[in-house]
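Below is one structure; the comments refer to it alone.
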Amino acid sequence: MTRIIFLGPPGAGKGTQAKILADHWGVPHISTGDILREAIKEQTPLGVKAKSYVDSGQLVPDLLVQDMVEERLQRADTTSGWILDGFPRTVSQAAFLDNLLQKINLDGVMVINLDVPDDVVVGRLLERGRKDDSEEIIRHRLEVYRSETTPLIDYYRDRKQLIVIDGNKSPQSVTSNLKDLIVSC
Ligand code: ADP
């Protein structure tokens, strides 16, 4: 059973690595950013509510994202596991996820912190050039990450669920380190 949460700043390579590992293990890659961008494109009620937050690099309110994740984690394709990318992003989302997993009788989730210095992620994101990847919005997303999401590193370390991986290496070597570490746990 593979259940993995990816933490790490924007541009750390969470999406890239999560996709590769999800294909490798045959489990869904669940990216809250991807789901939100799709909802915005389709102009669903969720997308309409989320748009201004995503465009400006703010966090979408917890309740909206939590409902979305709850629905997604109950779909049939999640029975053999999943890789969560972009959730949880706040301590309150993490507490919500703990409750949800208890409710559906799941434990043994591993948390990967993909560690990359700020100057490296800013460079990577500027090259990527997504709509919310202007320098000002990137800096803002990094601030939000530092204030809202880094407390989760201690949260999961205290629960002995945390694995730290150096993300400042080639994508191939990060993938191989991830595979080695996750298999040996
Ligand atoms: P990145 O990791 O590069 O910031 P994501 O695709 O993970 O990119 O997220 C893009 C945007 O989607 C975030 O800036 C935020 O507005 C929104 N978002 C994604 N996940 C969450 C979440 N768990 N809680 C609140 N907002 C979220």
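Cβ from N, Cα, C; glycine included.
Automatic, uncurated: that is what TrEMBL annotation is.
Counting only same-chain residues six or more apart in sequence, the Cβ atoms lying under 8 angstroms from the Cβ of Arg128 (ATP binding site) belong to Gly11. Look at TrEMBL and you will find Gly11, Ala12, Gly13, Lys14, Gly15, Thr16, Arg128, Lys169 tagged as ATP binding site.
What TrEMBL records for 31-60 is region 'NMP'. Same-chain residues lying 6 or more positions outside the region 'NMP' (31-60) and placing a CB less than 8 Å from one of its CB atoms are 15, 18, 68-69, 72, 84-87, 89-90, 131-132, 137-138, 140-141, 144, 148.
For Thr32, Arg37, Gln58, Leu59, Val60, Gly86, Phe87, Pro88, Arg89, Gln93, Arg130, Arg141, the entry in TrEMBL reads AMP binding site. Around the Cβ of Gln58 (AMP binding site), 15 further Cβ atoms fall within 10 Å across all displayed protein chains.
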TODO: Indicate whether Thr16 (ATP binding site) is helix, strand or coil by DSSP.
DONE: helix
TODO: Measure from each Cβ of the binding-site residues Ala12, Gly13, Phe87, Arg89, Arg128 to the atoms of ligand 1 and list the residues where some distance is under 6 Å.
DONE: Phe87, Arg89
TODO: Look up Gly11 (ATP binding site) in the DSSP assignment and reduce it to helix, strand or coil.
DONE: coil
Task: Among Lys14, Arg89, Arg130, the most crowded of the binding-site residues [Cβ within 10 Å] - done: Lys14
